[in-house]
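What Swiss-Prot records for this protein:
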BINDING   15-23, 33-40, 63-67, 121-124, 151-153  GTP binding site
LIPID     Cys202  S-geranylgeranyl cysteine
LIPID     Cys203  S-geranylgeranyl cysteine
REGION    173-203  region 'Disordered'
MOTIF     37-45  motif 'Effector region'
Amino acid sequence: MNPEYDYLFKLLLIGDSGVGKSCLLLRFADDTYTESYISTIGVDFKIRTVELDGKVIKLQIWDTAGQERFRTITSSYYRGAHGIIVVYDVTDQESFNNVKQWLAEIDRYASENVNKLLVGNKSDLTGKKVVDYQAAKAFADEIGIPFLETSAKNATNVEQAFMTMAAEIKNRMASQPVPPKPGGPVVRPTEGKPINNKSSSCC
């Protein structure tokens, strides 16, 4: 058993380009924010260890590029994910309309029982908001997944979003005494070398 943590969960951030996936990850992992973040090329990841119900959970969070040309690269990351966070921009109706396409990608590539979370980012831009909270909440309720509005800029609900996902995965694992099917994600106290927290960026 690794003494550093009890669980290792792999999370994936997906959604249209420019919705703030990288900013959400920066805020959660490093508690920083930048207006001029460069578009993600391919995939990047960061790690943060959290405590939940007395258990230490290491979250390995993969940030994927939203552009179509990177879709074949990023689709391979779906399979091993325990949780997938679908992000849209509350000031961009099209990014919300495209959520259905991203959910279809999850159905196509991810494990059958993967946990999902819908996040409407940039909630601080109240004057530019076009996606109604109630409409998004109703959509999330209809498909049976949690929903939160966040702001990476002022940190609203960012912590809660990732912790909600961690709790959902942990609860699912606790209610699953049957071992996962071969090829599916396996959550256990992991073997191997501890991952260096100091530098987890790909580039």
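Glycine residues also receive a Cβ, built from the backbone N, Cα and C atoms like all the rest.
Here the features listed in Swiss-Prot are placed on the structure.
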residue: Gly15; record: GTP binding site; DSSP class: strand
residue: Cys23; record: GTP binding site; DSSP class: helix
residue: Ser123; record: GTP binding site; DSSP class: coil
residue: Lys153; record: GTP binding site; DSSP class: coil
Densest Cβ neighbourhood among Val19, Cys23 (binding-site residues), 10 Å radius: Val19
Protein Cβ atoms within 10 Å of Lys153 (GTP binding site), excluding its own: 18
Arithmetic mean of per-residue pLDDT over the motif 'Effector region' (37-45): 65
Which listed residue (Gly15, Ser123) has most other Cβ within 10 Å, given these are binding-site residues: Gly15
